[in-house]
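Q: Residues or ranges marked as substrate binding site by Swiss-Prot on the basis of sequence analysis: M35, R77, L115, E156.
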Amino acid sequence: MSHPALTRLRALRYFDAIPALEPHLLDWLLLEDSMTKRFEQQGKRVSVTLIREAFVGQSEVEEASGLLPSESRYWLREILLCADGEPWLAGRTVVPESTLCGPEQVLQHLGKTPLGRYLFTSSTLTRDFIEIGRDATLWGRRSRLRLSGKPLLLTELFLPASPLY
């Protein structure tokens, strides 16, 4: 099962450099902290609608080519992050199977827990980059993050109800 928001997320086209945008947009798109926390700061109750969690082959995560190690299996998690029940963000996390050793195995068992609640409590979290993307009227971003040096790719699409707009 997929969702129209995830189709739009996969259609994002990324800028080669950070574009000259309004400060308000850049404030959201370049946020280095947890988007879950940012939504909660808006006075909202944040919840996750889980669309898909499964191991997939390389052909289902082509956007990760060149950004993550080439492996036969990846853990894929697709969600909608909702504020007071309204979808504000679509998220897609691609995790190489080799990342899922040690404490990082918990990434397979997040269920309806927001990814940010786990990632941003880890003292081993680093971010290699943030790229800004756009699909028609919607903005998004992707980041390669590392836990204990092990990579994962997080792509986020800001939906029309999001305060980014």
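Placement of Cβ uses the backbone N, Cα and C atoms for every residue, glycine included.
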Q: Enumerate the residues of the same chain, M35, R77, L115, E156 excluded, that satisfy the criterion Cβ within 8 A of the mean position of the Cβ atoms of the recorded substrate site; list them in sequence order.
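A: In sequence order, the nearby non-listed residues are T36, I79, L81, L89, G91, R92, T93, P114, G116, L154.
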Q: Write out the long-range same-chain contacts of L115 (substrate binding site), meaning residues 6 or more apart in sequence whose Cβ is under 8 Å from its Cβ.
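A: The answer is T36, R77, I79, G91, T93, L107, L154.
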Q: Tell me, by DSSP, whether R77 (substrate binding site) is helix, strand or coil?
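A: Its secondary structure by DSSP: strand.
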Q: Using only the Cα atoms of M35, R77, L115, E156, which the record gives as binding substrate, return the largest interatomic distance in Å, rounded to a whole number.
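A: In whole numbers, the farthest two Cα atoms are 16 Å apart.
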Q: What does DSSP say about E156 (substrate binding site): helix, strand or coil?
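A: Going by the DSSP assignment, E156 (substrate binding site) falls within a strand, counted as strand.
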Q: Take the Cβ of R77 (substrate binding site) and count every other Cβ within 10 Å, whichever protein chain it belongs to.
A: 22
